[in-house]
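Q: Structure provided below as structure tokens; questions to follow.
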Amino acid sequence: MKDRIPIFSVAKNRVEMVERIELSDDEWREILDPEAFRVARKAGTEPPFTGKYHDLHDDGIYRCICCGTDLFDSETKFDSGTGWPSFYDVVSEHNIKLREDRSLGMVRCEVLCARCDAHLGHVFDDGPRPTGKRYCMNSAALKFIPRDQIG
């Protein structure tokens, strides 16, 4: 039996217990395009200013490209000047996991999807109020859903 974890659903406006998603690399390759696989499953980073969401200002929700978990609301998106979509908050702390990342000779805080462990990006303590956080995400790890299509 797969582990069940609490995940917040924006459409239902509540936390539900859902099964964790655990697939092999071959199974993820069948689902994702090559760039999404490289970024989300292999902790890659897209070049700045190249992702499809870094300059998107539409109203909606950003979900995990791998499993569809709600992650960020466009209301918390801001222009960080970095070239990656940046948010000052998550839709729910239930929906992400944080872990120390010591790659590239730096110590950073990696952000992962709580349901499927997809690499989303990193969080920094240089964001705007009210949180002071900057969730610096890869567009390739996200899927945007316009607010009127959330369901």
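Each residue, glycine too, has its Cβ placed from N, Cα and C.
Here Swiss-Prot flags 25-147 as domain 'MsrB', drawing on sequence analysis. The feature Zn(2+) binding site is assigned by Swiss-Prot to Cys64, Cys67, Cys113, Cys116, with sequence analysis given as support. As annotated by Swiss-Prot, active site, nucleophile applies to Cys136.
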Q: Which entry in the list of recorded positions, Cys113, Cys116, Cys136, has its Cβ near the fewest other Cβ atoms, using 10 Å as the limit?
A: Cys116
Q: Among the binding-site residues listed here (Cys64, Cys67), identify the one with the smallest other-Cβ count within 10 Å.
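A: The binding-site residues Cys64, Cys67 were compared, and Cys67 has the fewest Cβ atoms within 10 Å.
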Q: Please report the Cα separation of Cys116 (Zn(2+) binding site) and Cys136 (active site, nucleophile) in Å, rounded to an integer.
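A: Computed Cα spacing between Cys116 (Zn(2+) binding site) and Cys136 (active site, nucleophile) is 19 Å.
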Q: Pull the DSSP breakdown for the domain 'MsrB' (25-147) and write it out as helix, strand, coil residue counts.
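A: Tallying H, G and I as helix, E and B as strand, the rest coil: 28 helix, 40 strand, 55 coil.
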Q: Name them in sequence order: residues not among Cys64, Cys67, Cys113, Cys116 whose Cβ is within 8 Å of the mean position of the Cβ atoms defining the Zn(2+) site.
A: Ile21, Ala40, Ile65, Cys66, Gly68, Thr69, Ala114, Arg115, Asp117, Ala118
Q: Could you give the Cα-Cα distance between Cys64 (Zn(2+) binding site) and Cys136 (active site, nucleophile), in whole Å?
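A: One finds 14 Å between the Cα atoms of these residues.
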Q: Can you tell me how far the Cα of Cys136 (active site, nucleophile) sits from the Cα of Cys113 (Zn(2+) binding site), in Å?
A: 14
Q: Could you tell me the mean pLDDT the prediction assigns to the domain 'MsrB' (25-147)?
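A: Taking every residue of the domain 'MsrB' (25-147) together, the mean pLDDT is 97.
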